[in-house]
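Here is what Swiss-Prot records for this protein:
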- 5-185: domain 'N-acetyltransferase' (DOMAIN)
- Gln58: site 'Crucial for catalytic activity' (SITE)
- 119-132, 155-164: acetyl-CoA binding site (BINDING)
- 219-261: region 'Disordered' (REGION)
- 238-248: compositional bias 'Pro residues' (COMPBIAS)
- 282-328: region 'Disordered' (REGION)
- 312-328: compositional bias 'Polar residues' (COMPBIAS)
Amino acid sequence: MSSTSQVALLPKLSLPDGVTVWDGTALEYERRCNNIDEHAVHLMQTINILGIRSKEAQCLNTVLTSVARLRENRQARVYLLCQDGYGVGILKMGVKKLFVTHPSYSSLVEIDPLCVLDFFVDTSFQRKGFGKTLFDAMLLNEGLNPGEVAIDRPSVKFLAFLRKYYGLVEYTPQSNNFVVFHRYFDKWQPQRGKGHRGGNAVPTRSIVRPQNCLRVYPEYQSTTGPNDNFEEDATHRTPPPPLPPPLVPQGSVNSPGPGKKTAYELQYEEYLREQAYRRRQGGDPRLQPVPNPVSSSEIAAASCGARRRMSPTRSGVQYNIISGTPEH
């Protein structure tokens with residue numbers, strides 16, 4: 001099929017030449033707020049058509065890249081390469097949690113790298129440098145080196161591409177069919193039995209240029225090819241995920257949690273109530289024997305009993321290891 005007939009199946013886009021990044025949130029925004037002259041409709045048609053062509057070219061059983069899949073997986077994103085107003089290539093990326101064999105000590109480790117899930121350049125535009133332009137734009141936007149990216153079931157042609165342009169050769173075959181090159185583990189450090197993305201934990205820095213009708217906002221970024229010369233107008237940083245709330249051990253005395261009182265506070269309130277009751281009875285509280293308030297740590301040490309005898313150093317209070325009572 002000729003180049004003209006293939007391109008005719010794709011709608012005309014109001015995007016400049018270069019690479020733009022799209023995820024489910026960005027596409028939904030375009031559909032609702034920026035659908036001038038059916039721009040969003042043509043954009044989604046282009047992604048779906050290139051996803052189908054990628055499936056047919058790789059002889060896959062299912063389509064890997066589509067607007068519906070991007071809406072289902074909000075972490076996935078597609079880099080779209082345009083030339084003369086038409087989409088000519090797609091590169092789908094997403095973070096995956098993988099168990100892979102470490103090349104040094106041959107044991108399974110857990111990693112969560114950014115993965116190439118689909119990579120396709122239209123057959124009419126192959127062997128013209130578009131594939132490298134698309135891949136380089138992704139590396140620039142994600143702030144990664146080529147070896148820090150994992151690939152899902154790469155073809156022989158894709159492996160030859162990585163070897164030719166990036167020198168990626170050595171990798172250990174994995175049971176999940178993901179290719180993780182040995183270079184990935186140069187910066188990888190295990191953390192309590194788990195791995196982390198080599199280099200950066202989240203996509204960090206992208207060079208953004210406002211492009212015609214393309215609106216740039218925090219949900220997505222746009223980049224251009226590596227050979228374009230342009231000024232850096234803005235820098236977007238993807239916010240890291242929020243930190244989990246601090247864990248408070250159950251039964252903790254010193255960290256009761258929000259809205260709860262310590263044992264010392266409860267005892268002191270009981271002491272005040274007892275004083276008020278004696279005043280109402282007409283007695284002089286100064287003549288009544290009232291126990292002095294003790295610290296919460298002493299209360300905990302006295303109430304733990306046998307458990308405290310097993311680990312005397314866990315408490316900061318000196319107590320008898322036999323009886324478990326505080327020493328005064």
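Along the chain as shown, the residues are counted starting at 1.
Keep in mind that glycine also has a Cβ here, set from the backbone N, Cα and C atoms.
When the binding-site residues Val156, Leu159, Leu162 are scored by other C-beta atoms within 10 Å, Leu162 scores highest.
Taken residue by residue with DSSP, Phe119 (acetyl-CoA binding site) is part of a strand. All protein chains considered, the CB of Phe119 (acetyl-CoA binding site) has 26 other CB atoms within 10 Å. Distance between Cα atoms for Lys128 (acetyl-CoA binding site) and Gln58 (site 'Crucial for catalytic activity'): 20 Å, as a whole number. For the recorded positions listed here (Gln58, Asp122, Phe125, Lys128, Gly131), the lowest count of other CB atoms within 10 A around the CB belongs to Lys128. Taking the Cα atom of each, Gln58 (site 'Crucial for catalytic activity') and Leu159 (acetyl-CoA binding site) are about 14 angstrom apart.
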